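Worksheet: the structure to be examined is printed underneath.
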Amino acid sequence: MTSQFLQLFENDLLALLPEVFLITSAIILLMYGVIWSTSQAHGYPILITNVGWLSLFVLSVAGLLVLHNPITTMVVLYNSLVVDQFSTLLKVVVLLSAFCSICISFEYFADERINAFEYIVLLLLSTCSMLLMVSSYDLISMYLAIEFQSLCFYVIAASKRTSEFSTEAGLKYFVLGAFSSGILLFGCSLLYGFTGVTNFEDLAKIFTGYAELPMLTSSGILIALIFLAVGFLFKITAAPFHMWAPDVYEGAPTCVTAFFAITPKVAVLGMFLRLFFSSFYDLMGPWQKIIVLCSLASMIVGALGAISQTKIKRLLAYSSIGHVGYLLIGFACGSVEGVQALLLYLIIYVIMTVNMFSAVLSLRTQGEGLRVKYLSDLSGLSRSNPILAFTLTMTLFSMAGIPPLAGFCSKFYVFFAALGSSMYVLAVVGVLTSVLSCFYYIRLVKVMYFETPHVWVSYAPMDKEKAVLLGLTLFFTMFFFVYPSPLFLLTHEIALSICL
Amino acid sequence: MHEKVMIMTQSSLLPFVLLSPLVGSVVLLFVPSWRVRTIKSIALCTSVITFLASLFLWVFFNSSLSKFQFMYTFDWLPLSNIQCTLGIDGISLFFVLLTTFLTPICILTGWMSVTKYVREYTIAFLVMESLTIAVFCMLDLLLFYVFFESVLIPMFVIIGVWGSRERKIRAAYQFFIYTLFGSVLMLLAILLIYFQAGTTDLHILLATEFSERRQILLWLAFFASFAVKVPMVPVHIWLPEAHVEAPTAGSVVLAGIMLKLGTYGFLRFSIPMFPEATLYFTPLIYTMSVIGVMYASLTTVRQIDMKKIIAYSSVAHMAFVTLGLFSLNVQGIEGALLLMLSHGLVSGALFLCVGVLYDRHKTRLVKYYGGCVHTMPVFAVLFLFFTMGNISLPGTSSFIGEFLVLLGVFQSNTFITVLAATGMVLGGAYSLWLYNRVVFGTFKPSYLSTFSDVNRREFFVFLPFVVGVLWMGLYPEVFLDPMHASVSTIVQHGKFS
């Protein structure tokens, strides 16, 4: 009996080895942390840095497992999860971005005297949930993975209990997140009610050629689709549903904001890409309209909203809303180029954001350790920390999409895809908002380079991890243009695998 | 064997010219910033080596061919037919030379006057040199756009960091946003072209036929970008601001190279790729250019800032250039090209003259100056020479250019020629007015108390300009000869004549 059981699930376990490993190690780290941090014999040690380093090790092993998984394409666990090239790529990106965002927050923990190793464990668990999201192949597993991730996020957003902002951010995030999950769940249940299936593949079979049969088009299905799309757009902070993002970004501790900004977009976009492209491909008419509208709205809100911001984190929040708009252009195209553009944009966005946040996290004053909060605090940075100012400038120009930096390549390919599928309005609005958004990106450059500060601030030196990451990402941003073909080919292959 | 080596050197000459400033700037990154002397020497050596190497381009250039020479191809984006193809023909040859010629001068100009961020200053200029050379020899539309835009970043920094007054921030902003707004539409146009032709390779695009409606659309999108860079009159506002606030060397680059990007773009892309649209829009260009000539010349008369005067006179000259380009015959286009080169020399030198005065007295307002001839005789001679160049005295390079332009336009539209010729009169008016006020008259000891004539370094900075202007003015054949084949091809290709 036992051996038969093992045989039945042998391949399943193999295919899900990274997730299993991640969960197990998270539990082991939790136990380790609980036991040692409450140990009187060792003087109640503060374990966050220790657990953090161990988690980095765990993440890299998980990354290796993902890359060297013997099973590359398979549907596992009674059709509820899938492993394929697409999920493998996204898993690697998720793990890498989680790695980077833990890497850049060590000094923050030490500096803010955060004594909660659970934070790291929660990050690991949410990373694991994102791996599951990326490979979910069923409405139920999808919803469960989302909830798993969101719960972890609610907790870490409110993790700084002494700060009012953090608690408020956590509360706001919880209320709106739970609300959007509710909407998503209602969409799922409607879909199940009208079709009787929850599996992506079965849904795809039902909806094949669906649009050609107008008498069969049920309004219930359309409503379900809208609810699903709204839930999805909530999760990636697309524009009409973006209201929580600036507050949460600002209120949450900066390292948490970095994690929010970098990681979840990859997983959520990946999951919905699979759902919309494999299951609802023939219903593209309706969902494309929604995505197009949200993309337009996000680009405009991102460009206009950030202009009058004075705080760095809020500015970054609006900037990320704008970037979501561009990502959604790729989504809305519904073509291979569109998916490729989205993946390319996603990867470059992650790298630029890692750079941005490691710079922002490293800016704290010598002595009091006050963190930079307002844009005007950056004035004179070009004189006090010229290399950091240069790095930040390049990243900002890249985010604005000025050639020949990496950000331009991604934007260019998005517009390429948009024009390829005749989305002229999206392309024109995208181009114009990218010029508008230049205003605020350049404003930061102006503050750093041209303004003389009223009070000179000397910043504490940054630690090695951040310095290495900053260097690597800057190198990528500046020189991606010289030899873009590997990433292009890779994303092209993955896009083909999801679309065909 | 010998031939093989020749071919090898020829094919790698262009990448060498393109990359050597970049290599120099990377080397500079590793020199500590307090070793100012070393930094300057390295930068100067790099730029001089680049200039010498680019002279070999001229030497090896075969003027009887109209096709692109020194071709170099690098596979940039697979699957999409976008290749990085470099090459120069008779049109781009001299722009590359102009760029490499002006960069050592920019570095020499900042030799004493730039005291803060010396390393960054030199790096910015070297990077800019590489980028502009790339613009001039890129034979792929998309990559052309990339480099065309990327010049913004170093220029923004140059104006903003080394500019002279508080207003520089505004100027840098205006420069950046104006140019960016103009050029993003071109990106979309390039993508549209790509979707029709399946490639952005210039050779293939020149052979592609676009429908007339689409040509008009694409032409307008390109126009939006190039007209801002040229600058044509309604969108020229950024130029005086940027010029006035930029440091001296920044102005030299702006006037010498940046303004040529737009006109070069017209000649390389708009005219040969969209011949029907070009014919359709020629009246528009004529009107805008003539308004540009007259408006800018008249505006120049009432300026009080010396740099602004020269900036507006640049606007007027560039309007002449567009006029010549769109006359669509060999004389007109060659005249326009020659005028671009000559303007690069003359207005660059005039900005240097203003820089000399500014370095000494820290003001650019005309009313504080007077009687320079008593205290700075050598300067007065140089200034006179370049002022004469600016009003295109026969014997200077500008004369040949303007003459050919007027000759070209005359063949297609006499009325416009008459109007444009008023620009020559007005040009004389403002140039002589400026020269009179600054150099002659009583000198004003209550404002200016210390005097020194141009020193040896400044003199040697001016010398190449003098040589260039005279050479081009007295024996233009050397410059016209390599252009001839390429320009004729453009005219024949568009069936303009």
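A Cβ is built for glycine as well, from the same backbone N, Cα and C atoms used for every other residue.
Unlike curated records, TrEMBL annotations are generated automatically.
According to TrEMBL, the feature domain 'NADH:quinone oxidoreductase/Mrp antiporter transmembrane' maps to B:140-426.
Nonlocal intrachain contacts for the transmembrane segment (B:12-30), taken as residues 6+ away from its ends with a CB within less than 8 angstroms of a stretch CB, comprise 39, 42-43, 45-47, 49-50, 53-54, 56-57, 60, 70, 72, 86-88, 96, 100, 103, 119, 122-123, 126-127, 129-130, 133-134, 137. Summarising the annotation, TrEMBL assigns transmembrane segment to B:12-30 (among others).
The feature transmembrane segment is assigned by TrEMBL to B:42-61 (among others).
Taken from TrEMBL, the feature transmembrane segment covers B:91-111 (among others).
Annotation source TrEMBL lists transmembrane segment at B:142-163 (among others). Away from its own ends, the transmembrane segment (B:142-163) comes close to residues 76, 82, 84, 110, 114, 116-117, 120-121, 124-125, 127-128, 131-132, 134-135, 169, 171-172, 175-176, 179-180, 183, 186-187, 190, 194, 200, 225, 229, 242, 245-247, 249-250, 253-254, 258, 261, 265, 268-269 of its chain (Cβ-Cβ under 8 Å, at least six residues beyond either end).
Here TrEMBL flags B:175-196 (among others) as transmembrane segment. Outside the transmembrane segment (B:175-196) by six or more residues, the chain places 141-142, 145, 148-149, 152, 155-156, 159, 205, 208, 210, 214, 217-218, 221-222, 224-229, 235, 237-238, 241-242 with a CB less than 8 A from a CB of the stretch.
Residues 148, 171, 174-175, 178-179, 181-183, 185-186, 188-189, 192-193, 210, 254, 258-259, 261-263, 265-266, 269-270, 273-274, 277-278, 280-281, 288-289, 291-292, 295-296, 311, 314-315, 318-319, 321-322 of the same chain, all 6+ positions outside the transmembrane segment (B:216-239), place their C-beta atoms under 8 angstroms from a C-beta of that stretch. Annotation source TrEMBL lists transmembrane segment at B:216-239 (among others).
Per TrEMBL, the feature transmembrane segment maps to B:251-271 (among others). Sequence-distant contacts of the transmembrane segment (B:251-271), counting only residues of its own chain at least 6 positions beyond either end whose CB sits under 8 Å from a CB of the stretch, comprise 91-92, 95, 98-99, 102-103, 105-106, 109, 125, 128, 132, 135-136, 141, 144, 148, 151, 155, 158, 202, 219, 222-223, 225-231, 239, 242-243, 277-278, 307, 310-311, 314, 318, 321-322, 325-326, 328, 333, 336-337, 340, 343-345, 347-348, 351-352, 354-355, 490, 494.
Per TrEMBL, the feature transmembrane segment maps to B:277-297 (among others). Counting residues 6+ beyond its ends, the transmembrane segment (B:277-297) has Cβ neighbours under 8 Å at 212, 215-216, 218-219, 223, 227, 232-234, 236, 270-271, 312-313, 315-316, 318-320, 322-323, 326, 328, 409, 412-413, 416, 419-420, 422-423, 426-427, 429-430, 494, 496 in the same chain.
Positions annotated as transmembrane segment by TrEMBL: B:309-330 (among others).
What TrEMBL lists as transmembrane segment is B:336-358 (among others).
Look at TrEMBL and you will find B:415-435 (among others) tagged as transmembrane segment.
Here TrEMBL flags B:459-480 (among others) as transmembrane segment.
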Ranked first among B:42-61, B:336-358, B:415-435, B:459-480 for CB pairs under 8 angstroms with the transmembrane segment (B:91-111): B:42-61
Remote residues contacting the transmembrane segment (B:459-480) - C-beta distance under 8 A, at least 6 residues beyond either end: 94, 101, 105, 108-109, 334, 338, 341-342, 345-346, 348-349, 352, 378, 382, 385-386, 389, 394-400
Recorded stretch that, among B:42-61, B:309-330, B:336-358, has the most CB pairs under 8 Å to the transmembrane segment (B:415-435): B:309-330
Other parts of the chain folded back onto the transmembrane segment (B:336-358), taken as Cβ under 8 Å at six or more residues beyond its ends: 91, 94-95, 98, 102, 105, 109, 113, 164, 243, 248-249, 251-252, 255-257, 259-260, 263-264, 267, 306-307, 310, 313-314, 317-318, 320-325, 327, 364, 369, 372, 379, 382-383, 386-387, 389-390, 396-398, 400-402, 404-405, 408, 438, 454, 458, 461-462, 465-466, 468-469, 472-473, 476, 479-480, 483, 487
